[in-house]
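Structure first, commentary second.
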């Protein structure tokens, strides 16, 4: 008798291509184990959460690093990067408003808009960034804490390097830093105490950090010599645009707000406020610091490790340098805390869906972080997929309402739309490669080709795919804004070192393997398991 059981590959594709059906009800969510999340975060808490995730010690370092290449034009670099992130934030805000009652962020959006395998790939790429970031930040935080302790006579020159600064390397790449894992455990325990306690710590640290940055900007403004701003872009506009690719990563973190959906009091209203509000504050702070640092001393003389602190020391303002160290500690603490918060919520989402073991559906587990050095390529890829989700979910609303349409026509329209999205992404990468490697001014004419093709693909999405307006917050000018997000994100992706591309490819292969041998057999996009009713997201009409 012929075996009628499906083959491994047929089962794999069947599982990989299924999407997560999400009920219109915003108050019923399945969990495997653990307790539900409590809605305790208001708009102010969410704004501080986003600021805490984005503004770390980078505001005292990245600004100077970019300025060494872009000159005073670093201000334009941060404006361009901020504008790009605002576009991404609009897409995040719509999806956060559309799915206000469940955790998961980019993973959940992708699972609903596309399919299970793509969602798992997005999760693995972004989670590696969070893990690496947490480990790296913990090492830096440990070093800053030791620096502050050494200001006291009792501790000066009496603390061994292996406690906080990192001991002598073993085998050429392993060094001991005892304080870093201790800080990880302490902050994770604070997070496990509950959203209220962790939010309080984040609020105190973030407000402290903002006050210090504002003081630095005000004091530094009196030391500005406007002659240092000339020439404004000494290495040309290309260096300014390249600087924007570095500055982009200084803003990454507003997606943390989207992952707080289940803990937001009024998610449909407050999540967009938190996402966009936190980003606007970050843009203003980065611009202020950029203007001050390039106005105080010539950009050529900015240090690499602590440019802002060194700029104030050169003016004899040592007390401001101490404030900067305190601000760096507060910034690193909040960035690390929010990073751990996002990790726990993403793991929670996958644990509920069965793509990871059930232990990840608990709210009280600890994470172990391994230190390595790769670039944040996952964030750009994840943000691009989120923008694509905005476009796709608008189609699904239309397709779902067109009951009389044939399945063939609906699938054909969907495939055409996905092809257009892929074309836009490919054009963004091609334009980025041309911009990166072309040295002749005349050869820049080739940039017109991918840009023109991307515009045609966007026009096809606009006029060939019917669109509906989303409930709650609605991203403006869909599909133009999401298409621009995809193009710009992948353009920046092309500026990364080739090792980042290899990381992306290798991790994707590993993720497919994990999904093939575990995830596809345990996933539960449609569940009949135990359900729990969370505190219902209040209807906007009742507010």
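Glycine is no exception: its Cβ is also placed from the backbone N, Cα and C atoms.
According to TrEMBL, the protein has these features:
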- 46-67: transmembrane segment (TRANSMEM)
- 74-95: transmembrane segment (TRANSMEM)
- 101-124: transmembrane segment (TRANSMEM)
- 170-192: transmembrane segment (TRANSMEM)
- 204-224: transmembrane segment (TRANSMEM)
- 236-254: transmembrane segment (TRANSMEM)
- 275-299: transmembrane segment (TRANSMEM)
- 319-342: transmembrane segment (TRANSMEM)
- 416-435: transmembrane segment (TRANSMEM)
- 441-461: transmembrane segment (TRANSMEM)
- 473-494: transmembrane segment (TRANSMEM)
- 500-518: transmembrane segment (TRANSMEM)
The transmembrane segment (101-124) touching the transmembrane segment (236-254) per 3+ Cβ pairs under 8 Å rule: no
The transmembrane segment (500-518) and the transmembrane segment (319-342) contact flag, 3+ Cβ pairs under 8 angstroms: no
Range from 204-224, 275-299, 319-342, 416-435, 473-494 with most C-beta pairs under 8 A to the transmembrane segment (74-95): 275-299
Positions on the same chain near the transmembrane segment (275-299), where near means CB under 8 A and six or more residues out: 43, 46-51, 53-55, 59-60, 63-64, 66-68, 71-72, 74-75, 77-79, 82, 85-86, 89-90, 92-93, 96, 210, 213-214, 216-217, 220-221, 223-226, 228-229, 234, 247, 250-251, 254, 257-258, 307-308, 311-312, 314-315
Outside the transmembrane segment (416-435), six or more residues from its ends: residues with CB under 8 Å to it: 238, 241, 384, 388, 391-392, 395, 443-444, 446-447, 449-451, 453-454, 457-458, 460-461, 464-465, 483, 486-495
